């Protein structure tokens, strides 16, 4: 039943991609008349985690100063925003696991953005998949919200933009991109990095840079591609990693039927890279990619938090295994 549901969703989002051009005024007018997933700043919540405080309490723009870190005059942590996608939440197991991996790795301040209302998560199970276009239309607004929080961090807590990184999955990747555009508009500078985990394809993949996540949205934009229907194979970033060629991830079953598994696998790959249980090595894309065993630091790039320390940019093929930690490099680290 679950696979049938996502097969129907696949058919739906393909229809939406061709019937509703993102940013089309006629679509905007229709969404204004009836929006089952309305955006409001009041419905966006934040979970704020540090090594010292891992409580999953929700905060808003009005209550954020009740958190201990925001009672200080300066925040010295590296900051990571994590943003979920369509019909998901900040409390989904995959995102909490990512946050935990970050805190195990370094002394981060992790802010999970929960925009479940505008992402249509609260709608009836049999109906909400039809509301994708409404959630897609809310991504820029959620991006503006993240930019507002960023402005607070920079201007009130002396956090350098170089200390702020955004991670977003699916629609959350485009939301992160819109945040990157907004902070530049506010003259705050650029984020250190934006990491797009299988950015949503429907409604976005044929759009110009201004209407989706783009390589100019941060100093470094890392894209991890894992599905070609719910996601996209279009190059979007400073580096684009095509895991198993960007679709049909090992262990996810048949094409299309396993599309949702492939789409969410991007989150799991990135989390494993944070844990450094292995280095998922990207080799430059070509008709005949070189073996991982012959990679050097100047030729290839490891997926993850350290990707931007490698000199090479562009598109990379990344071989993966079907089970965590997903390595296909026999322990090689470059």
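Glycine residues also receive a Cβ, built from the backbone N, Cα and C atoms like all the rest.
Among the features that Swiss-Prot reports, signal peptide is placed at 1-23. Taken from Swiss-Prot, the feature disulfide bond applies to 37-120, 209-214, 252-261, 278-302, 279-327, 295-300, supported by similarity to another entry. What Swiss-Prot records for 170 is active site, nucleophile, and it gives similarity to another entry as the kind of evidence. Residues or ranges marked as active site, charge relay system by Swiss-Prot: 198, 263.
Positions of Swiss-Prot features highlighted on the structure.
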{"residue": "37", "record": "disulfide bond", "DSSP class": "coil"}
{"residue": "170", "record": "active site, nucleophile", "DSSP class": "coil"}
{"residue": "198", "record": "active site, charge relay system", "DSSP class": "coil"}
{"residue": "252", "record": "disulfide bond", "DSSP class": "coil"}
{"residue": "261", "record": "disulfide bond", "DSSP class": "helix"}
{"residue": "295", "record": "disulfide bond", "DSSP class": "coil"}
{"residue": "300", "record": "disulfide bond", "DSSP class": "coil"}
{"residue": "327", "record": "disulfide bond", "DSSP class": "coil"}
Excluding near sequence neighbours, so keeping only residues 6 or more apart in the same chain, what lies with its CB under 8 A of residue 261 (disulfide bond)?
249, 251, 252, 253
Taking Cα-Cα distance, which of the disulfide-bonded residues 120, 209, 278, 295, 300 are within 10 Å of residue 198 (active site, charge relay system)?
none
In the structure shown, which of the disulfide-bonded residues 120, 214, 302 has the fewest Cβ neighbours within 10 Å?
214
Cα-proximity to residue 279 (disulfide bond), 10 Å cut-off, over recorded positions 120, 214, 263, 302:
302
Which of the recorded positions listed here (37, 170, 209, 295) have a Cα atom within 10 Å of the Cα of residue 278 (disulfide bond)?
none
Look at the recorded positions 209, 263, 279, 300 and tell me which residue has the greatest number of other C-beta atoms within 10 angstroms of its C-beta.
263
On a C-alpha basis, identify the one among 37, 214, 263, 300, 327 that is nearest to residue 170 (active site, nucleophile); the candidates are the recorded positions.
263
Set of same-chain residues at least 6 away whose C-beta sits under 8 angstroms from residue 37 (disulfide bond):
117, 118, 119, 120, 123, 131, 134, 135, 138
Going by Cα-Cα distance, which of the recorded positions (209, 214, 263, 327) sits nearest to residue 300 (disulfide bond)?
327
Which three-state DSSP class does residue 278 (disulfide bond) fall into?
coil
